[in-house]
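Peer 1: Please see the structure below; I have some questions.
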Amino acid sequence: MGQVGWKGLCLSLFDYKTEKYVVAKNKKVGLLYRLVQLIILAYLVIWVFVIKKGYQDVDTSLQSAVVTKVKGVAFTNSSELGERLWDVADYVIPSQGENVFFVITNLIVTPNQRQKTCAEREDIPDGMCSNDSDCHPGETVTAGHGEGLEWPGPEWGAKGDLEEIKSKPVEPFLKKAEDFTIYIKNFVRFPKFNFSRNNVMNIKKKSFLKSCRFDPKNPYCPIFHLGSIIRWAGSTFHEIALEGGVIGIHIEWNCDLDKAASECKPHYSFSRLDNKLSKSVSSGFNFRSLPAVPGWPRSWAGVQWEDPGPVGNVGYRYQMIVNGKAGKFNIIPTVINVGSGLALMGVAAFICDLVLIYLLKKSGFYRNKKYEEVR
Amino acid sequence: MGQVGWKGLCLSLFDYKTEKYVVAKNKKVGLLYRLVQLIILAYLVIWVFVIKKGYQDVDTSLQSAVVTKVKGVAFTNSSELGERLWDVADYVIPSQGENVFFVITNLIVTPNQRQKTCAEREDIPDGMCSNDSDCHPGETVTAGHGEGLEWPGPEWGAKGDLEEIKSKPVEPFLKKAEDFTIYIKNFVRFPKFNFSRNNVMNIKKKSFLKSCRFDPKNPYCPIFHLGSIIRWAGSTFHEIALEGGVIGIHIEWNCDLDKAASECKPHYSFSRLDNKLSKSVSSGFNFRSLPAVPGWPRSWAGVQWEDPGPVGNVGYRYQMIVNGKAGKFNIIPTVINVGSGLALMGVAAFICDLVLIYLLKKSGFYRNKKYEEVR
Amino acid sequence: MGQVGWKGLCLSLFDYKTEKYVVAKNKKVGLLYRLVQLIILAYLVIWVFVIKKGYQDVDTSLQSAVVTKVKGVAFTNSSELGERLWDVADYVIPSQGENVFFVITNLIVTPNQRQKTCAEREDIPDGMCSNDSDCHPGETVTAGHGEGLEWPGPEWGAKGDLEEIKSKPVEPFLKKAEDFTIYIKNFVRFPKFNFSRNNVMNIKKKSFLKSCRFDPKNPYCPIFHLGSIIRWAGSTFHEIALEGGVIGIHIEWNCDLDKAASECKPHYSFSRLDNKLSKSVSSGFNFRSLPAVPGWPRSWAGVQWEDPGPVGNVGYRYQMIVNGKAGKFNIIPTVINVGSGLALMGVAAFICDLVLIYLLKKSGFYRNKKYEEVR
């Protein structure tokens, strides 16, 4: 038997076997079937292929390198500093063109005071002392903000956190910061397709780069006006120049590598991250650092310190957030989408069969025709 | 012929054609077939859809912005520095709240010594001189650590690398660093779904943020105790405070966007990266920088230098590593999974056919019924 | 009827139904059918599974942590600085081993000059003044480079941008920088598979790490010679040491987790990002910072300033760009590929049917056999 079976198998290997169909001259079911087929086809062609580009292999893990350069000078005339001209090296931290950088808009000096009180503002995240009784002179409130210290001599004092500074300035110290500009160079590479682009490639004329500013009319100019960025991010310079903030500069690359490479262009968008981040729970952004102004606190207010208190820096933190995806034709996803789409046709047939052989008046008749019983 | 063919095609377009089946009243094969069908169905429903959420489109390329704020003060009393109070600006490098930052636990001063010997510790990666004969006074060992220098005058000397410092402190200089806290703000966005979240959104009560500390009972408190992080990372503060180390703070977002957005919460975990990195090959972490302590080395030990030697900073490097994925219902993966699952049913039929028409006693009979030969 | 239908359904549930086939003894069509089947099978097995590893689930979103350590000392003897020995802390910015760092090759001092002219070099991106008439003494050209200032006293002066410096050095100040070395530690983790690796794991012998340098013969040595990196990136040290540049160090992980973990090794490659970035539109890389050399500008040229001008740093920016993908066997993609592949077989049958029942001489005959009309 088995042997005959194998023999038959081999013989019939090159006979063409095709399913035998029962043709039910029933236009209703026929129409239903064609309809379902059409729907599946439409889904496959229009939605999967035309709209969703289901024939493409997609790479979303891009490599990115960002270089930034801030330009601008500001002149300040304050009692502490006298006349002073600020330039990039003074107000950008760090100054080496990182993709995350900070622009000073305010300076808060915290001289080495001896601080006994420990009233903390409500909205300080990890405050320990909500009232004076909570902490005791002589011990450092490590997790707090260094209040509650009793220290011999003025040169060793607690350094209050910015939140403690009672005398907040009412005017941003560096108003001019609004008019500074950033030049952003962004290099991206899609490793899967070994395809590299950057955001100044398309710009052929140097003159354009000399004069342009990014705006809806110049969506590809890589030079941005700080004030505008803040406005586009949904807030105003003055509103948060005093408190500081975190601004996200989103650079999105959405590339169809089946088209010309020059079509692959960045799309810039801006958002404020800090209040999104914190919904009134300690929004704003500030940090304290060793004096950013060279040799300044030493001579600040004419006092000479052994150990100058750090300077409180309030300002904008700019954060480049680059992402993107590239798609390119690839046979595998194409086959997967076509194949699984066709497989669904089987479902259509299954449904129509049910209708035909169970739900129609003549179902019994069709059933007998469709299923040929053997004994 | 062909013309007739096309005519027939058009006519029969709306007839419903259904495969003709041969019903083999053989419960064995029938059972087998149903069984295989059931297995495939179970795999599809339980594994693919319920467990693996095969109906979802997944985005793993998230955008992330991290802002950190370290809190805490430490008091030291050393011969070099006398009484001194350290705060964030002094011991955190860089101080502007990056997602990679360094907390000093030890300071090693390298005064401008004239250094003749060049013994190097075994475990220095790119040491050039394993014994004194390997290098010669007067020439700089560029690729090494600057030993072997003979220099006129004490103010220009070789600056030995930390590894060379024979007199390592036995106690971490900033013991208090263990009790410092980090406040981590993490903003994430899944571009594919344009869905944004951050790790403090869910926290409604400010009071919670004031008092909470992260621990297994408060998995969503964004304020971390440094000592605990190090413990959770699998080592102890004292153990590596002297040698330094690299701690990874992993923030993982695993979001099901078919559920409520508030369900999308971060999961924090901690690991030590440096000894993983190096398996006893130069583990630990340190670097040398210009004095982090303002105006200190200048007056250090009362000596005034033209060119103070850099300070060796030993400590913990904290590195935020954010990743995550978001899934949301999408028709395309659903169709793909269903379709390809159904296609497998064909395999089931194929197997059962083989059994039926080749392996059974009555195979010959069934074969003749199934295959209607035409001539 | 319906009730009978349900009865019949239940009864026949465990009968095995198999399609009835019409065997057309037509070797041509049979051959065609087998051929198409073979092609699809070959595509599935060879292309999808063997070459493209279609049976694997892939994770492209890897977590990465990079720690770098630059080694080397350089001796300079200049009129401004006299004899000076440079080490890591002096010429690497930032010095704490980030994955993006900058190595100084040139220093350009901008003393506080009073500057009246405002000629700008052609290739300055956002220059405002193309000739002197464009800007007026007394007002700051905020978006420009601070020219056009008339200021009382030498200690408050405009600080010209590097591009303005007329006296560019002709020799890189730190020639030795070419011979410095970087030790790169890279830790990666594939979250989907919870699989961690690093680039020194495979190196068992410390002695190797002490002596090795990366080159085509030592592709796994994590210690790199700066000059070589620049050469491999396609430029020469001297060529851009004066102008500065941005060098990308790509670390690519391509891991097959179905093989031994030790097979998962990094692949290093190098490219220059800045001129790719800018095609002669302000290529090079430089920035200005507060003096990187401790206490230097203060005593520079023996002049004592209230406010020293920032130092122009020209040099190489090294940027680690880590990416990779890991693949591991997973049932779901396997089923998807197999299933959709099989579904395509239906297409083969469909085509052959068309040939058989419409394009052959005997089509009419076959058609009648295949389609059994019922009335």
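Cβ from N, Cα, C; glycine included.
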Peer 1: Regarding the disulphide bond with C:C221, report which of C:C212, C:C255 TrEMBL records as its partner.
Peer 2: C:C212
Peer 1: How big is the Cα-to-Cα gap, in Å, between C:T181 (ATP binding site) and C:C212 (disulfide bond)?
Peer 2: 11
Peer 1: Using all protein chains in view, find how many other C-beta atoms are within 10 Å of the C-beta of C:N286 (ATP binding site).
Peer 2: 25
Peer 1: Non-local Cβ contacts of C:C264 (disulfide bond) (under 8 Å, 6 or more apart, same chain)?
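Peer 2: When sequence neighbours closer than 6 are ignored, C:C264 (disulfide bond) has C:F195, C:R197, C:W253, C:C255, C:D256, C:L257, C:A326 within Cβ distance under 8 Å.
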Peer 1: According to DSSP, which of helix, strand or coil covers C:T181 (ATP binding site)?
Peer 2: strand
Peer 1: Binding-site residues C:K71, C:T181, C:F287: which sit with Cβ under 8 Å of a chain B Cβ?
Peer 2: C:K71, C:T181
Peer 1: Restricting to the chain of C:K71 (ATP binding site) and a gap of 6 or more, list residues whose Cβ falls under 8 Å of its Cβ, or answer none.
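Peer 2: Residues satisfying the criterion: C:V88, C:F180, C:T181, C:I182, C:Y183.
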Peer 1: Tell me, if you would, which residue among C:V70, C:C212, C:C221, C:C255 (recorded positions) has the fewest other CB atoms within 10 Å in the structure shown?
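Peer 2: Among the recorded positions C:V70, C:C212, C:C221, C:C255, the lowest count of other Cβ atoms within 10 Å belongs to C:C212.
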